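**Q** Take a look at the following structure, please.
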Amino acid sequence: MHWLWKIPRLCTFWGTEMFHRTFHMNIKKLMPIQWGHQEVPAKFNFASDVIDHWASLEKAGKRSPGPALWWMNGSGEELKWNFRELSEISKQTANVLTGACGLQRGDRVAVVLPRVPEWWLVTLGCMRSGLVFMPGTTQMKSTDILYRLQSSKARAIVAGDEVVQEVDAVAPDCSFLKIKLLVSEKNREGWLNFKALLKDASPIHQCVETVSQESAAIYFTSGTSGPPKMAEHSHCSLGLKAKMDAGWTGLGPSDTMWTISDTGWILNILGSFLEPWVLGTCIFVHLLPKFDPQTVLKVLSSYPINTLLGAPLIYRMLLQQDLSSYKFPHLHSCFSGGETLLPETLESWKAKTGLEIREIYGQTETGITCRVSRTMKVKPGYLGTAIVPYDVQVIDEQGNVLPPGKEGDMALRVKPIRPIGMFSGYVDNPKKTQANIRGDFWLLGDRGIKDTEGYFHFMGRTDDIINSSGYRIGPSEVENALMEHPAVVETAVISSPDPIRREVVKAFVVLAPEFLSHDQDQLTKVLQEHVKSVTAPYKYPRKVEFVLDLPKTITGKIERAKLRAKEWKTSG
């Protein structure tokens, strides 16, 4: 089943009409959108329809006033807000943004903050005010910030001490930027101080009645396939989608969820904002300026955290610790997203903790697309099944759906009915949006195979597939095999030019410390034989290069494309 869009005047996916065309629509002419027996309202705002809903239940004594947000840092400071408090303080935040800052509905606000409570307040404040928030990682440098501010025409930026110098270095070149709002205990020339303004702000605020399809957020894609693009999401594609699919977590009002993710990554707003709060679940946040596996393990051991969500790398780093020293009395669910979960990681985690890691799969443009929910069986190497309301298929080069067992391009059906959860399009770039459509499908950019149970097996990024002597090889399969060897800490597999086979498999390998002194030629042979022993021999890496680290995007994804481009330039 699909959500049926019956409002032809709403901004179209293919044309990517901009915000000013959206909120000037005559609201009275909008008809409800039907899906089954449910109704999607013409207007929706997560702050009022979700946060204020739970707050009203707390006020009426119909809900326990437990924490909605539980925050801590490494210095022993802790903060807890229930939904009533969160509702009130986020209203104050909205008044800061629209009052002291003078921002107006539709203005774009860059939010570059670490995992501090103010990130959640500012995001909710933007929603309440009809502002478009644009999260960004604090790892950005001045060139990254300049690109985002200029391309988005942002009117304001909210930032902390981590990036103020980077912002000030480029702000004079951003003609649309009018407000710089600082989240800090200190003042800085040219910046308004958020904390000082918040103290004097009124808790009375009337939430803007945003149209469901009105622009709510802009996320910059990670740039693994070119310069970052601005993926625009609506209040509908973020908030309403979360109300539909949050059941995959199996959470409830008495649970606590910890998502370890950079605030600039879409996984953060999905796993540490939308999905838990829809269910009334407490969100746990640890500042963690630098990831420390021992701190994570201690927190999991001593705090009532039921559910953990993080990238596979987090689980791999935790597995490098002595897990026998820790017990997790409350933890019952572990989820992973952002990159492929290696079967070896899944098996090791289960062996050492008794817990299975369930994979979620998606992208900036679609949010969560596939998942292995708590009620589904875990199949190593598989992403799970499509999440409601998505129809995900594997298609061929003509856009035809392939039968189970056949490899093709993973794609999401968007015609004739566009599902809720789909982004509005790439801002100011309708051609790029249209170029990603094949027939009735939006290409997810990955190769995969669908089995008879509807589970998807990830083969690799579309441009990562290696074709060697007619054999099509997914890099993740080789990476999975290499990661099973104790010498390998991290690896990336790409194609490398070869005069006979056209291209062959090459592995870049980061070694474990105890293997750094080993003879590299001998170790290469050992790893090659190991791969041959655990997967089809034709997949083994004919070339191996040992490196100290791998290139990554600012959100932590390995940039295979960068490795491949350099390899083909120097060896081709």
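Each residue, glycine too, has its Cβ placed from N, Cα and C.
These came from Swiss-Prot, pasted as-is:
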| type | residues | note |
| --- | --- | --- |
| BINDING | Gln139, Ser469, Gly470, Tyr471, Arg501, Lys532, Tyr540, Pro541, Arg542 | CoA binding site |
| BINDING | 221-229, 359-364, Asp446, Arg461, Lys557 | ATP binding site |
| BINDING | Thr364, Arg472 | substrate binding site |
| TRANSIT | 1-46 | transit peptide |
**Q** What's the number of neighbouring CB atoms sitting within 10 A of the CB on Arg542 (CoA binding site)?
**A** 14
**Q** Counting Cβ atoms within 10 Å across all protein chains shown, which of the binding-site residues Arg472, Arg501 comes out on top?
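**A** Per the Cβ count within 10 Å, the most buried is Arg501.
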**Q** Inside 10 Å of the Cβ of Tyr540 (CoA binding site), count up the other Cβ atoms and send me the figure.
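**A** The answer is 23 other Cβ atoms.
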**Q** Report, in whole Å, the straight Cα-to-Cα distance of Gln139 (CoA binding site) from Gly362 (ATP binding site).
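**A** Checking the Cα atoms of Gly362 (ATP binding site) and Gln139 (CoA binding site) gives a distance of 23 Å.
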**Q** Can you see whether DSSP assigns Gln139 (CoA binding site) to helix, strand or coil?
**A** coil
